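Asker: Just lifted these from TrEMBL, have a look:
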BINDING   Thr127, Lys128, Ser129, Asp130, Gly173, His174, Ser175, Gly176, Val177, Gly178, Lys179, Ser180, Thr181  GTP binding site
BINDING   Cys255, Cys259, His261, Cys266  Zn(2+) binding site
DOMAIN    78-231  domain 'CP-type G'
DOMAIN    87-229  domain 'EngC GTPase'
Amino acid sequence: MGRDEVALPSSGGGGRRGRDAEPVLVVAMKARELGRKGIVVGDRVALVGDVSGQPDTLARIVRVEERTSMLRRSADDNDEVERPVVANAHQLVIVTALADPPPRPRMIDRLLVAAFDADIESLLCLTKSDLAPADELVAFYAPLGVPYLVVSKGGPLDELRERLTGRISVLVGHSGVGKSTLVNALVPNAGRAVSHVNAVTGRGRHTSTSAVALRLPEGGWIIDTPGVRSFGLGHVAVENVLVAFPDLNEAAVACPKGCTHLGDDCALDRFVAEGHADPARLESLRRLLTSREGSDDD
Ligand SMILES: Nc1nc2c(ncn2[C@@H]2O[C@H](COP(=O)(O)OP(=O)(O)OP(=O)(O)O)[C@@H](O)[C@H]2O)c(=O)[nH]1
Ligand SMILES: [Zn+2]
């Protein structure tokens, strides 16, 4: 049976001191009444029992509050069974090195699709700016309007901090991109504040994925997803990508039923040719739609 760590808001409630204080971490297990309902990192839960957080105490999770968002992935692109990754996140921070390792635009595209599908914001965090310029990558993503930040080891992080404060942010990035460097700079004492939360899915079975929630000193959480190396997108419907393109979405009513928006009979081509939308936007939309197919860890 899984045990989860739950952070209690520190006593003092809404007051300033309350917000800045360290939360109490309570070890809790899912109550039987919850049945098959899974609990994922970021979930807000109701506890009963011993919530003192003292060693060897155990509380029970009796309720999972309604989620404001759910970042999901599927095992692979042919699998339509979606698996929850993080609940209630506000943004997905895609950490990409500008060099060493080189950027992988297809992976970035796929992560953006997952964020669109979850209806959460994205932020491109471009690291290792001492090794390569950001211009090319930034230009590539400009039509999508995704905000970005350029950082380097030892450099200022004010802007990033500002975007993270008071929010729940999921950090994703491949090995070596500098994610740990970033996390250590953002959360001094990361070791102490670490909250290991096991993702429990489906029938109470543990997945191999475990995420780590770290509380930011300024308020807010960053959720590191070390086990999530790839994001299968088999569960993402075309419509869920298209809604992120309001400038094109309306024109799609003229498309044939079940249009993939990739073929010759797609109405979006004419819409753009007639000057109603930016061709670069359609190109980006199609790139994202295409990124959902094929191998997912490229
Ligand atoms: N030149 C340069 N090197 C950096 C920068 N940030 C991190 N590194 C180096 O890149 C290497 C990988 O950094 P990590 O922070 O461990 O990367 P990670 O993404 O956490 O990688 P994993 O731990 O494998 O998941 C280390 O040798 C860092 O010192 C940077 O801005 N510039
Ligand atoms: Zn179409």
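Cβ from N, Cα, C; glycine included.
Where the annotation comes from TrEMBL, it is an automatic prediction and has not been curated.
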Asker: Other than Cys255, Cys259, His261, Cys266 themselves, what residues in this chain have Cβ atoms within 8 Å of the centroid of the Zn(2+) site's Cβ atoms?
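Answerer: Result: Ala252, Pro256, Thr260, Leu262, Gly263, Asp265, Ala267, Leu268.
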Asker: Measuring Cα to Cα, how far is Thr127 (GTP binding site) from Cys266 (Zn(2+) binding site) in Å?
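Answerer: Spelling it out, the Cα of Thr127 (GTP binding site) and the Cα of Cys266 (Zn(2+) binding site) are 38 Å apart.
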Asker: Quick one: of the binding-site residues Cys255, Cys259, His261, Cys266, which has its CA closest to the CA of Gly173 (GTP binding site)?
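Answerer: Ranked by Cα distance from Gly173 (GTP binding site), first place goes to His261.
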Asker: Ligand 1: which of the binding-site residues Ser175, Val177, Lys179, Cys255 have a Cβ closer than 6 angstroms to it?
Answerer: Ser175, Val177, Lys179
Asker: Determine the minimum-neighbour residue: among Thr127, Ser129, Ser175, Thr181, listed as binding-site residues, which Cβ has the fewest other Cβ atoms within 10 angstroms?
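Answerer: Comparing Cβ neighbours within 10 Å for the binding-site residues Thr127, Ser129, Ser175, Thr181, Ser175 has the fewest.
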Asker: On a C-alpha basis, identify the one among Cys259, His261, Cys266 that is nearest to Ser175 (GTP binding site); the candidates are the binding-site residues.
Answerer: His261
Asker: Of the binding-site residues Ser129, Val177, Thr181, which one sits closest to His261 (Zn(2+) binding site) when you measure Cα to Cα?
Answerer: Val177
Asker: Please report the DSSP secondary structure of Thr127 (GTP binding site), reduced to three states.
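Answerer: Assignment for Thr127 (GTP binding site) reads strand.
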Asker: Report, in whole Å, the straight Cα-to-Cα distance of Thr181 (GTP binding site) from Cys255 (Zn(2+) binding site).
Answerer: 47
Asker: Would you mind giving the whole-number mean pLDDT across the domain 'EngC GTPase' (87-229)?
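Answerer: Value for the domain 'EngC GTPase' (87-229), mean pLDDT as a whole number: 84.
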